[in-house]
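Undergrad: Sharing the feature lines straight out of Swiss-Prot:
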| type | residues | note |
| --- | --- | --- |
| ACT_SITE | Ser116 | active site, nucleophile |
| ACT_SITE | His169 | active site |
| TOPO_DOM | 1-10 | topological domain 'Cytoplasmic' |
| TOPO_DOM | 32-57 | topological domain 'Periplasmic' |
| TOPO_DOM | 79-82 | topological domain 'Cytoplasmic' |
| TOPO_DOM | 104-107 | topological domain 'Periplasmic' |
| TOPO_DOM | 129-141 | topological domain 'Cytoplasmic' |
| TOPO_DOM | 185-192 | topological domain 'Cytoplasmic' |
| TRANSMEM | 11-31 | transmembrane segment |
| TRANSMEM | 58-78 | transmembrane segment |
| TRANSMEM | 83-103 | transmembrane segment |
| TRANSMEM | 108-128 | transmembrane segment |
| TRANSMEM | 142-162 | transmembrane segment |
| TRANSMEM | 164-184 | transmembrane segment |
Amino acid sequence: MKNFLAQQGKITLILTALCVLIYLAQQLGFEDDIMYLMHYPAYEEQDSEVWRYISHTLVHLSNLHILFNLSWFFIFGGMIERTFGSVKLLMLYVVASAITGYVQNYVSGPAFFGLSGVVYAVLGYVFIRDKLNHHLFDLPEGFFTMLLVGIALGFISPLFGVEMGNAAHISGLIVGLIWGFIDSKLRKNSLE
């Protein structure tokens, strides 16, 4: 286990640890305080509280929610950090948090939490870099299909009483695909 964690990058570990610590604090009775301090800006006076544009990604609402998001982030965010460095992952995290939060807020208001918009950005980034850079990550066939199925499930989930941040998922995937495409083209141009 120690060796496994040693192979992970700092940003992957820090963001994962923050999510876990915040979730534990919620379970210990601090949920209302955490929700209030970390939700996306809901009122005009909160617009200048800049942490709110990313802090919503660190809060999770159930065991399954945090397990799903952190599993994907740990694996694929870790791939990005090991391959391209901590700064790349941190930049992708901050930009994807801000954009997916803005889009989800526009569509449904400020009552949303979780890392899934960032997770979809990470997955989109890894997918497009793998496709355009000769299987850089050696992803399995059907990876993109899995992403689309995940998004489709988000649209039918209300039928089962589960609400998902579909706007955050879709905008996150788009952010990751565009960023990965640009980085791939910049890499290709720098090699020519």
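Yeah, the Cβs are placed from backbone N, Cα and C, and that goes for glycine too.
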Undergrad: Measuring Cα to Cα, tell me the gap between the residue listed as 'active site, nucleophile' and the residue listed as 'active site' in whole angstrom.
TA: 6
Undergrad: For the topological domain 'Cytoplasmic' (79-82), what are the DSSP-based totals of helix, strand and coil residues?
TA: 4 helix, 0 strand, 0 coil
Undergrad: By a Cβ-Cβ criterion of under 8 Å, what residues six or more beyond either terminus of the transmembrane segment (164-184) are in contact with it?
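TA: Long-range Cβ neighbours of the transmembrane segment (164-184): 84, 92, 95-96, 99-101, 103-104, 106-108, 112, 114, 116-129, 132-133, 147, 150-151, 153-155, 157.
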Undergrad: Do any residues, 6 or more residues outside the topological domain 'Periplasmic' (104-107), come within under 8 Å Cβ-to-Cβ of it, and if so which ones?
TA: 40-41, 117, 165-168, 171
Undergrad: Do any residues of this chain, six or more beyond the ends of the topological domain 'Periplasmic' (32-57), have a C-beta under 8 angstroms from a C-beta of it, and if so which?
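TA: Same-chain residues near the topological domain 'Periplasmic' (32-57) but 6 or more away: 22, 25-26, 93-94, 97-98, 101-102, 104-105, 109-115, 117-118.
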Undergrad: Within 10 Å of the Cβ of His169 (active site), how many other Cβ atoms are there?
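TA: Other Cβ atoms within 10 Å of His169 (active site): 25.
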Undergrad: Going by DSSP, is the residue listed as 'active site, nucleophile' part of a helix, a strand, or coil?
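TA: The residue listed as 'active site, nucleophile' sits in a helix per DSSP.
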Undergrad: Give residue numbers and ranges for long-range contacts of the topological domain 'Cytoplasmic' (129-141): same chain, 6 or more residues beyond its ends, CB-CB under 8 A.
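TA: Distant Cβ neighbours of the topological domain 'Cytoplasmic' (129-141) are 79, 83, 180-181, 183-185, 187-188.
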